[in-house]
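Chemist: Sharing a structure with you now.
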Amino acid sequence: MPRFYKCHCLVDCYYTVCGSIWKTLSSEKMTDNLSATLDPSLGREEKLPSNVNIQEFFKDRVEEIVMLTEALKESPFRGQVFQRLPKHMRRRQMSHHIKRLPRRLRNTLAKEEPPTVPKRPSRKYRRRPSNLLSEYNRRQRNNIWLETHIWHAKRFHMTKKWGYVLADKCSSKSFRACYRATTKHCFLTDMSYYNCIELTGSENRLLEGLQQCVSSDCGLTFAAKMYINGSREGSVTLFHPNSYPFGVIGQVSFLWKPIEEKDKNRTIWIFTHTMYHNEIIDVFQSLFNLEEIKKTESVNGIEEKIKNLRTEKIPAGKNKEIMKLESRNVPFYETPKYANNDGSVVMHLLKDTINRFRLSGPLSLAVISSAFQCNALDVYTRKENESSAKAGKRSYPQSFGENAEPAKRIKSETDVVENIPQENNSVWWRRFYDNEFCKKCLESQETFYKELMKFSSPSDLPPKIVFSLVVRDPRLTIPTKRTKSTSDIQAAPPLCTAVDSTVCNSPLWRPEIRDVVSRKKLTTSQINEARSRLIVPGSDVCKFLEDNKQERIPLIVIQRPGIDATDSSSDNSDLGSGFDIIVPAGWAMPVWLSLVYRGARTGGLQESESLLLECKDLSQFVQPDSDRGEKEKWEKFNSLKDTYFKLPTNKRTNFAVTGFVSPFFPLWELLLAEWCVYEDDRAVESRKLRQQGNQTEANKLYSEVIALARAKVPKIYVLRDKKKLIELSDMFNKLFKHLKTGRDCEFRHSFREEDLDCLVPVSIESFDRGTPTDLALLCLPTAEDIFQFKKEKCSPVEEKFQDSKSYEKKQVRIDYGADLKAEKRRRKAQRRRMREGQEDSTSHPATNSSDIIAKKKKALEELWLCAPEKIEHFIDNCSRTVIGYIVHEHSLGKHVGKHFKMSKVVRNIIQTSLAPRPQAPYNQAVKVNDIVYLSGVIGMDKTTNKLVSGGVEEEARQVFINMGHILQCAGSGMDKIIKTTIMLNDINDFSTVNEIYKEFVTKDYPARSTYQVGKLPMGARIEVEAIAVCGNVETKYCN
């Protein structure tokens, strides 16, 4: 069969073929053309037939048309149907399930031959469980799943950590996309593995115990005025009671419940990382003398009230939403409870009963505003409730009453009443907002939410403010396709300094409301059924659902500040700012999908850790002086050591050559102990002996010194005193400034002797190429390093050392290999004799040679990597003195290409008390980068603020003295002036001023201009302004 190509003209001629062919053949023009073509005089021998069989002619033409049509329908693509899709849309299940394909390709796949069904491998073939949800609950016994686990498991690499199965990183390459979302749009992470502890009691009793675990040196505490009313979330570093600065536990955040009218006790929520959650529970138990209460007992009658609210019993097998909560402590009376003897303090563990999502990015506010509808009570509902309360009648929405339109009426009022249980006729939000105080809170929250829409970025709001929202079910308003929320606000945001306490009052604080909200959630099938009734897809679903069944969700939203805007070294001053959303149990997936469908980019643990490092926030990481930090240090050491010894010998890094004795384990205790005795006479003597080559005597002497130092410094701690950290930072900045100018400086500090034996957290930024890795050494530069850096701008290079154990390593490795071969031969011979029946396993038991081989293996490993507990000398093993470790590394991407762009200009205002203060709206000097611009200076005395007496000579001398003080404050000097302008009241005084000028500007004279003016301020005879530079100035004379 010939190959036919697609021809578009066949589509037009196919339907009129019968009539057009006959007309064409019978036309005179066609006959003349055929006659001319077949004329014998023109060399043509063909002759036309006298007649044509129309039936056969049409039959042949129809067959040709059918062949052409089939050729057009035939696809030139010879592969599978799902291979026509782009790669990012293909799924492995498409070859087995037709519903995984797009609708446009399903018919094509159905026409093809069905795939052959493979035979089941064996009886032990893994069967799908009959109840998948119960199987999921069973698999959560050892490691808990978050409510968003199934969604993450399809898109992320999961890891088992801290008793949870958490999303580690996205399966696609999305690291840059997550960073762009953080800086330009919105980045979303699930922080529900942070556990909540609820403490209830009198305010004085709670603060009396909690204040023993914190210190005011580290910042604001639980008793701070800005936190105590519940309008802001606070964060503190917890310690074991009365053990500051030792005994750190970790960083926690807390939130006080706002004070209500009838509240006698206060409630506080403390959110802790799951790493040290149990440790904090033990501390609170001992602090408040708490004992665990069995679930059959009751505390203050709260559980009995909640049990009475569960009037509608829904079988667990019929409602999957209830089954999903079986593995969690829902409802409230199932949560673990602790109380003291008199019941004045009660602790509830709300672990896994509250979800917390974190949004970061400038458009986090736009995502929240588009995802949630803040209208808990409609206007007509309020009015009807007020009127029905007076008349003693029930009220229902107009959509289901007598005034509803016939097209929108789904159920009559009698049907609604019959289907609602007698005890639950009034939904929770109508009962809750029936109180005048709660109504006032609701109005304040709605007003604040409307005002919130005027802000374009979360960084414009006050830090850590808290506000409450009561929103509709987000599944009812979720878009059909994923959209990107944007902000159209261009004007400057309004001023917002504080939040009223009524804005923070949320129904989420009440356990009975949390249980009702979790239990009354509509199933997905019910929403899909209502959505199927829509005539226009994507329109409002609410009109097909009863208002009583449209659940309202209470949320708590917490603003989270980013990088401090005063940090001039940061390019993004609002990086990391956003919101935290607290969601009740059972509602994590609806809220999560609603945020994702508004354009939020999701991430896992690795992306969250990178964001914290980008914001320079190390408080969320494990602290090296905590118990958990000690455990994690050994876990990391064992993991890195196993990975190291899995490598072959020629692929391992020989750390003995680099002088690195402990590459996988930070020796904090030894580091502090060695620095405590660094200037001791015996330590200095041991270093001299080591330089002379007497290693034995040096090690013996140094061991005695270190033993005394370890007894002196039994524990380590990290300096967290904010005042001292700020003082240290100022000292470093001053030192750096004086190093640039080349001048010596003296430091005065308020540190005590015991404050010097601690670890200080620092941030290091590479000047040139290269990124330090985790557990890299931090060393003091030598004088040669600083000289080479100033001269050639090159980084220091560590010299190579000689491995003194190289021959021993080789011999032990040979002996270890020989022992392994001998053991293999012995076992092989023994098995052969047992098969031949010469001996049995009981007559000659096998010798326990595995212990001998294990000892040799351990000895070989210690030659490569010394055990941390056996290291006695550390800080001087390499050519530079060690002062610390790098525990977290992070690469900051920076643009290095040539570009033309306005860079960020920092303007420094220079003010010194050694010179007269300005008498008008100007400053003494302004410094931009390395250039100092001096204002006009007159001969004024700083004590009297009047001109000095003595004529133009004394005034000129005082002018240059004042200029010297101002330039010294700016980091410059009289020898670095590049331009001066002298203004005289009388030009005849030029020679006198010139002589005084030579006393202060001695060489390398700057450019200068001199003018005579009519009148100067305060009747002065001279005024001088100047421009100077900072830093090292090199002068060259060009002829």
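Here the Cβ of each residue, glycine as well, is placed from N, Cα and C on the backbone.
So TrEMBL says this about it:
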- 57-126: domain 'Pop1 N-terminal' (DOMAIN)
- 106-128: region 'Disordered' (REGION)
- 129-201: domain 'Pop1 N-terminal' (DOMAIN)
- 387-408: region 'Disordered' (REGION)
- 578-668: domain 'POPLD' (DOMAIN)
- 758-888: domain 'POP1 C-terminal' (DOMAIN)
- 822-851: region 'Disordered' (REGION)
- 823-834: compositional bias 'Basic residues' (COMPBIAS)
Chemist: To what whole number does the mean pLDDT across the domain 'Pop1 N-terminal' (57-126) round?
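Modeler: The predicted confidence over the domain 'Pop1 N-terminal' (57-126), as a mean pLDDT, is 76.
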Chemist: Which residue counts does DSSP give the domain 'Pop1 N-terminal' (129-201) for helix, strand and coil?
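Modeler: DSSP composition of the domain 'Pop1 N-terminal' (129-201): 22 helix, 26 strand, 25 coil.
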Chemist: Do you know the DSSP helix, strand and coil residue counts for the compositional bias 'Basic residues' (823-834)?
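Modeler: Across the compositional bias 'Basic residues' (823-834), DSSP assigns the residues as follows: 12 helix, 0 strand, 0 coil.
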Chemist: Based on DSSP, tally up the residues of the domain 'POPLD' (578-668) by helix, strand and coil.
Modeler: 47 helix, 9 strand, 35 coil
